[in-house]
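A short write-up of the structure that comes next.
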Amino acid sequence: MTIVIGFEGSANKIGVGIVRDGVVLSNPRRTYITPPGQGFLPSETAKHHRACVISVLKEALLQAGIQPDDIDCVAFTKGPGMGAPLVAVAIVARTVAQLWKKPLLGVNHCIGHIEMGRLITGAANPTVLYVSGGNTQVISYSERRYRIFGEAIDIAVGNCLDRFARVIKISNDPSPAITLSRWQKRGSQFVELPYTVKGMDVSFSGILSYTEEMAHKMLGAGECTPEDLCFSLQETLFSMLVEVTERAMAHCGSREVLIVGGVGCNLRLQEMMEVMCQERGAKLFATDERFCIDNGAMIAQAGWEMFRSGHVTSLEDSWVTQRFRTDEVEVTWRD
C-alpha cells in the first residue's frame with residue numbers, strides 16, 4: 001500500500017488530504033473568507049494559511065488514523081496559483097518532508113483536479129472542462145500529456161463570477177460560484193450579455209466589463225433584479241463553455257465529459273452540460289463541492305499517481321511557480 005499526504009494552498013483554501021491506493025482517508029480544509037464585495041489579497045491569504053496549516057495537518061492525520069511513519073510521500077501544490085499562498089504551503093510541505101524523512105513531490109494544481117475527478121467519478125478517458133477562479137481550460141489526454149484544446153484568453157470564468165459577485169455584494173462563503181447558483185434559480189428575466197467564443201477559446205473580460213458598468217444602472221432603474229443578472233450571466237458564460245467542450249468532444253471522438261474545478265460544482269453548469277451530452281449520446285461526470293473546490297486530497301491523489309510511476313522532487317527543485325501549464329507535465333502514469 002502507498003500512502004501520500006497532499007498540501008494544497010494555491011488560492012483561498014488551505015487543505016491537507018491523505019490518500020491510500022485510491023481511497024481518500026481524510027480531506028479537511030479551511031477557507032479564507034473576506035467580507036462581501038471584497039476579494040482576497042495574496043499576503044493576507046498567505047497569513048491565513050500559515051495560521052491554519054498545522055491544525056489542518058493534525059486534523060488530517062487524526063481523521064485518517066495514521067502516523068507520520070505510515071506516509072510514503074509528501075506532495076504539495078507547485079503551481080499555478082497565487083505566489084504568497086503557494087510559498088507559505090510549500091515551506092510547510094518541505095519542512096514536514098525533511099522532519100519525517102519522506103520524499104517530496106511537487107504537483108501541478110490543474111492535474112490534481114483532473115486526477116481527483118477521474119478517481120471519484122470513474123471516468124476513463126474524458127474530455128475535461130476545468131473551470132475555477134484562476135483557470136478555464138478544455139483538456140484531453142493524448143500521448144503522455146494533458147493537451148489543452150481551448151482556454152480563456154483573458155480571465156478565468158471563476159474570476160469573472162467572483163468579480164461580478166463583488167459588484168452585487170454576494171458572500172464568498174463557501175464560494176461566489178455556489179452562492180450565484182442559488183441566486184440564479186430565483187431569476188426569471190434574461191438580460192442579453194456579450195457572448196465571445198473565438199474558435200476553441202473563450203473571452204470573459206468583455207462580459208465582465210459590461211456587467212460591471214451596467215449592473216448598478218439597470219438595478220437602479222428597476223429594469224431587472226440581482227437574481228436576473230445572476231441568471232443571465234450564468235446562462236451566457238456556461239453556454240460558451242458547453243459550446244467549446246462539445247467542439248473538443250467532436251474533434252477527439254469522445255463520449256465522456258468530466259467537469260472539475262471550483263466552478264464545476266455549479267449545478268446549472270452541470271445541467272447544461274448534461275443536456276449536450278445526452279444529445280451526443282455521451283456521459284457526464286461531475287462531483288460536488290467536497291472534491292470540485294480546491295482540496296488537499298486532489299494533490300495527494302495526483303502525487304500518488306506520480307510517485308508510483310517514479311516521480312520525486314529534489315529539495316533544490318521544490319520551488320513554486322504561479323505559471324505552470326497543464327500540458328507541461330509528462331503524464332507517465334497513464335497508457
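We number each residue from 1, going along the chain as drawn.
Cβ coordinates come from backbone N, Cα and C, glycine included.
Residues annotated as divalent metal cation binding site in TrEMBL: HIS109, HIS113, TYR130, ASP294.
The substrate binding site annotation in TrEMBL covers TYR130, VAL131, SER132, GLY133, GLY134, ASP162, ALA177, ASN266.
Taken from TrEMBL, the feature domain 'Gcp-like' covers 29-300.
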Candidates HIS109, HIS113: member of the binding-site residues with the richest Cβ shell (10 Å): HIS113
Residues satisfying Cβ distance under 8 Å from TYR130 (divalent metal cation binding site), sequence separation of at least 6: CYS110, HIS113, ILE114, THR136, GLN137, VAL138, ILE139, VAL260, GLY261, GLY264, THR326
Output field, divalent metal cation shell: CB within 8 Å of site CB centroid, site HIS109, HIS113, TYR130, ASP294 dropped: SER10, CYS110, GLY112, ILE114, SER132, ASN135, VAL260, GLY261, GLY262, MET298
Binding-site residues listed as GLY133, GLY134, least Cβ neighbours within 10 Å: GLY134
Neighbour tally for SER132 (substrate binding site), based on other Cβ positions within 10 Å of its Cβ: 26
Binding-site residues compared (ASP162, ASP294) - highest count of Cβ atoms within 10 Å: ASP294
